[in-house]
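Asks: Pulled these from TrEMBL:
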- D90, K95, T147, T184, K333, R420: NAD(+) binding site (BINDING)
- K274, Y319, L320, Q321, P322, G323, G327, K413: substrate binding site (BINDING)
- C330: active site, nucleophile (ACT_SITE)
- 406-513: domain 'UDP-glucose/GDP-mannose dehydrogenase C-terminal' (DOMAIN)
Amino acid sequence: MFAFLKIPLHFSKLSRNKQNVLVSRKCPLFVKHCARNCFHSARQPRKTLKLEAKEEQASDICVSFFGAGYVGLVSSVCLADYCKKVYCLDTDKEKISRLRNLEVPIYEPLLEEKLRRNYESRRLIFLSEDFELAVRESHIVFIAVGTPSRRGDGHADLSYVFSVAESIAEMLPSGYTLIVIKSTVPIGTCSKVQELIKAKTKSSKVQFDVVSNPEFLRQGSAVDNFLHPDRVVIGGCGPMKSLSRTLMETLYSPFVKDKETLLFTSWEEAEMIKYASNAFLATKIQFTNEIADFCQLVNANISVVTRAIGLDERIGHHYLQPGPGFGGSCLPKDIRALVRSAQEYNYSMRLLESVIEGNEVRKRRIAQWIASLASESCIEEDLGTFLHGHHTTHTTTVNIYGKKFGILGLTFKANTDDLRDSPAIFVVQELLSLGARVSVYDPQVKAESVTKYFAAFQGFPLDICDDSYTACQEAEVIAILTEWEEFRDLDWNRLHEVVSRHVIVDTRNLLEPDVISDKGFRYYSVGRPPYFPKNIDKQAKNCEMLPTQNNFQQSKNL
Ligand code: UDX
Ligand code: UDX
């Protein structure tokens with residue numbers, strides 16, 4: 001039914017302020033809306049269409065998204081509020097059929113209601129096949145498929161991006177289509193995709209541009225981030241600069257209030273902006289974790305320190321929260337890919353290389369610290385706090401065989417169900433490999449979704465529980481690994497009854513130390529002095545601080 005023929009466009013000279021441009025008209029339904037401006041019936045040759053740069057213009061545009069993951073799905077749903085039609089395409093048939101039943105496969109606040117509204121109004125369409133229909137009807141086609149870390153070398157795996165680009169090339173109808181790369185890709189990928197599509201498109205009637213439009217969505221607030229972007233980056237508007245530029249300006253006009261935040265750059269700059277942004281965030285977190293560790297050595301409180309340095313607007317308050325290390329589907333893989341691609345140019349990014357290594361060591365030491373707090377062999381004389389030793393790759397040999405740990409939080413951060421590269425998963429794997437019994441509770445994690453992360457721990461004593469109290473039953477140590485708000489409101493008196501030892505490790509500094517210690521728990525956190533119930537004697541305090549660098553070495557030789 002939708003076999004449209006696309007006739008090459010007629011161009012009229014663009015005038016910036018009037019924003020008149022020529023765009024194809026692919027959707028027969030659309031013609032009805034603005035008959036005064038254009039031809040209709042899909043088989044009719046297209047005529048120019050006047051577009052005034054007012055918000056409703058986005059409503060003329062049809063868009064396709066390849067990849068209904070966190071980025072593709074959130075972007076599709078939000079754009080469907082304004083665009084004429086948005087096709088959300090994914091090869092994962094099960095995901096698409098769930099979406100068609102309005103089952104949202106990811107936990108993302110505000111997404112469900114928006115998805116339902118746009119799907120029921122038919123502005124949002126989910127497809128797991130017949131992608132050609134969508135491409136033929138779309139003015140703009142986004143590529144938002146995964147770019148996971150390539151096994152073994154940390155480069156970004158671009159096989160999905162290239163295979164989708166090839167299939168788009170085969171589906172491009174005559175006329176103009178704008179292809180936008182939203183997946184996070186190494187510098188130079190856009191030009192490769194342009195070459196690839198050029199090589200694949202035989203007919204001269206097929207015109208296209210490739211632009212880069214990196215996303216900066218944070219999971220847990222992705223919908224709000226999309227609707228209120230700090231900046232929208234559009235790189236490399238190709239030869240037909242004006243048309244692709246105006247299409248992207250029109251598309252984002254509902255979201256970009258101030259023109260300053262709509263940045264037009266080259267391909268390479270846009271690709272670098274994405275990597276540099278994530279690498280900087282990761283560096284700020286690793287920096288904060290190192291300062292937090294030193295605070296513990298000198299009995300200072302990291303929260304006091306970060307509040308003060310954050311008041312300097314050159315530093316800012318964001319991303320100064322210490323924790324068990326940074327995780328998730330983006331920061332770890334993107335900083336690795338950036339460092340690897342620089343090494344291809346024989347350029348060593350020493351700072352970022354140490355951020356990567358520092359983060360890996362941090363996760364290991366947090367696991368060692370939590371383990372040591374339940375171990376019989378707590379080594380008093382060397383236990384002060386420690387300086388962060390980058391070269392400590394071995395796990396400790398504390399004896400925690402059969403010890404029970406209650407783990408609260410498994411996702412890589414709060415307000416998401418994403419377990420990818422989660423520091424909490426790493427800590428639980430370490431405790432299991434040391435022979436511990438581990439019970440976990442996470443508000444957004446069901447047993448079936450963790451299996452693949454513990455495939456190597458089949459038969460190990462790991463329970464995924466439905467609530468915090470069950471997870472902490474008979475626990476020697478309770479460890480908070482994800483900063484879910486609900487952990488603040490736990491009934492600590494009830495927990496005091498169910499645990500076998502009263503030790504809490506709060507790797508997210510989520511709780512009020514004195515409140516918890518007043519409930520009878522020895523409370524440890526990151527970069528803050530430990531808090532003990534008033535009846536605990538001084539001596540006991542020292543034996544449970546974070547292990548120092550050299551005691552880490554020492555414990556390794558035991
Ligand atoms: C992705 C990229 O991984 C990330 O680098 C970028 O920053 C944003 O987009 P995300 O949305 O989290 O991140 O990816 P993911 O959740 O893995 O979703 C990718 C989707 O693409 C999956 O649903 C997958 O089924 C789909 N896909 C993948 C296709 O439809 N076709 C393919 O060929 C490959
Ligand atoms: C990140 C970027 O923020 C986003 O712009 C990009 O588009 C995708 O990658 P996200 O993966 O959702 O977003 O995670 P983010 O909120 O940045 O957190 C990353 C990790 O750092 C999490 O493990 C989080 O717990 C940790 N973190 C974050 C800290 O430890 N301290 C902080 O202050 C902030």
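Cβ coordinates come from backbone N, Cα and C, glycine included.
Tell me about the surroundings of these features in the structure.
Replies: Under the three-state DSSP scheme, T184 (NAD(+) binding site) falls in the coil class. Its Cβ placed at the centre, T184 (NAD(+) binding site) has 26 other Cβ atoms within 10 Å.
Secondary structure at G323 (substrate binding site), as computed by DSSP, is coil.
Within 10 Å of the C-beta of C330 (active site, nucleophile) there are 26 other C-beta atoms, taking all protein chains into account. Secondary structure at C330 (active site, nucleophile), taken from DSSP and collapsed to helix, strand or coil, is coil.
DSSP places the residues of the domain 'UDP-glucose/GDP-mannose dehydrogenase C-terminal' (406-513) in helix, strand and coil in these numbers: 39 helix, 19 strand, 50 coil.
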Asks: For Y319 (substrate binding site) and T184 (NAD(+) binding site), what Cα-Cα distance in Å is obtained after rounding to a whole number?
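Replies: For Y319 (substrate binding site) versus T184 (NAD(+) binding site), the Cα atoms are 21 Å apart.
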Asks: What is the nearest of the recorded positions L320, Q321, P322, C330 to T147 (NAD(+) binding site), using the Cα of each?
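Replies: Nearest in space to T147 (NAD(+) binding site), counting only the recorded positions, is C330.
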Asks: For K274 (substrate binding site), which of these binding-site residues sit within 10 Å, Cα to Cα: D90, K95, T184, K333, R420?
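Replies: Hits: T184.
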Asks: Quick one: pull the CA-CA distance for G323 (substrate binding site) versus T184 (NAD(+) binding site), whole Å only.
Replies: 25
Asks: Can you tell me whether DSSP puts D90 (NAD(+) binding site) in helix, strand or coil?
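Replies: Assignment for D90 (NAD(+) binding site) reads coil.
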